[in-house]
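Quick look at what TrEMBL lists:
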BINDING   75, 82, 83, 84, 172  ATP binding site
BINDING   264, 278  Mg(2+) binding site
BINDING   329, 386, 387, 388  substrate binding site
DOMAIN    29-108  domain 'ATP-grasp fold succinyl-CoA synthetase-type'
DOMAIN    138-267  domain 'ATP-grasp fold succinyl-CoA synthetase-type'
DOMAIN    327-447  domain 'ATP-citrate synthase/succinyl-CoA ligase C-terminal'
């Protein structure tokens, strides 16, 4: 029986841990236009482009940046992949379009006359894309919600669009640098085919995927870069120039504390130039102290507002999809709490670690964050007092109840330093709480509280 229970715990732990680890990755994600600008600073070839958020900016960009361009690429800027195949909730198909430059300017002029500051004033225009006409409402891009396979059904708001020159591409490849646990250092991944997801490429063309681990102490060598270029198999670009581009990309990856640098596609143009036609960059949050300029690029509007609020309060919070909000101290205890909730048939709504030295104010903020989630039907507080004292948590819970209208049952399990004082504070508060003796009891009561 005990072995069966342990097996269930391990199975559920792996499931929850995988979901938590995927979302807990500590990184800064920036927009494509920001990544392209950063690449340009390191000598990487990127298309000419500018991000705009209003019609006045569109008009200025066309006049000053693209005076001789007949067509422009308009890319929705959200922090998620799959934009080209995405769909706006307004009905517009695709987050990337090729637009006649004079039509974009005409749209801006008409919007200005109407007096609107964004594309929303425009009703319908016909934009040329390939060999067909597509009826595209640019008003369905700026300020609208784009749903892709990476955003989830809720989608993300497009606050900017990226206007780029339309390049004449003759070949598309895939390029990425990431951190590899097996080789304990950076790993360059390349494929001679690009323009689609790397998952699809790896499934269809596994033999075309080249992986080149880089010795973090020696840095990238000409031989390393040559292996990458040979794996990419460029058709028209100069091989030596391509090798230099790979080395510059690696320099950018290391000097800016990247955790991921992905270009899909890395393309060749009819002018025989290797160009990063896309830019996805992530950065290690732990390096924020020495990458201050880069971290000013963070776009909180693209992040979960609960995670943003938690970060401001110096709390570790990751939103999940369940119904039981968890407030614990320590990552290990958090994982165990989520495991036990799953074991009893419930689902955790979050991972919230107040740490070992949280103040009453932080506990109050934690409750505010938990109760801001409409999916939360019950809250489980599980504190093992070591450095963190149970009376501090108890006082925080009482103060939170005064500031936050608690409409869901709260199950509390306290153990450790000052546990008697903590229990006394809760008892004398007059609050209606469900107390538990141990973690298993707490999880069972939390699941039952939802059902009742």
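Glycine is no exception: its Cβ is also placed from the backbone N, Cα and C atoms.
Values in this document were obtained by computation on a predicted structure and should not be read as measured data.
Locations of recorded TrEMBL features on the structure.
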residue: 75; record: ATP binding site; contacts (Cβ under 8 Å, 6+ apart): 32, 83, 95, 96, 161, 162, 163, 164
residue: 82; record: ATP binding site; contacts (Cβ under 8 Å, 6+ apart): 148, 149, 150, 197
residue: 84; record: ATP binding site; contacts (Cβ under 8 Å, 6+ apart): 94, 95, 96
residue: 172; record: ATP binding site; contacts (Cβ under 8 Å, 6+ apart): 193, 194, 195, 265, 266, 267, 268, 277
residue: 264; record: Mg(2+) binding site; contacts (Cβ under 8 Å, 6+ apart): 174, 175, 176, 194, 195, 196, 197, 198, 278, 280
Site diameter for substrate, Å, by largest Cα distance between 329, 386, 387, 388:
10
Tally of residues which DSSP labels helix, strand or coil - the domain 'ATP-grasp fold succinyl-CoA synthetase-type' (138-267):
41 helix, 45 strand, 44 coil
Candidate with sparsest Cβ neighbourhood (10 Å radius) among 83, 278, 329, 386, 388, the listed binding-site residues:
386
Could you give the number of helix, strand and coil residues in the domain 'ATP-grasp fold succinyl-CoA synthetase-type' (29-108) as assigned by DSSP?
28 helix, 20 strand, 32 coil
How far apart, in Å, are the two Cα atoms that lie farthest from each other among 75, 82, 83, 84, 172, the residues recorded as binding ATP?
18
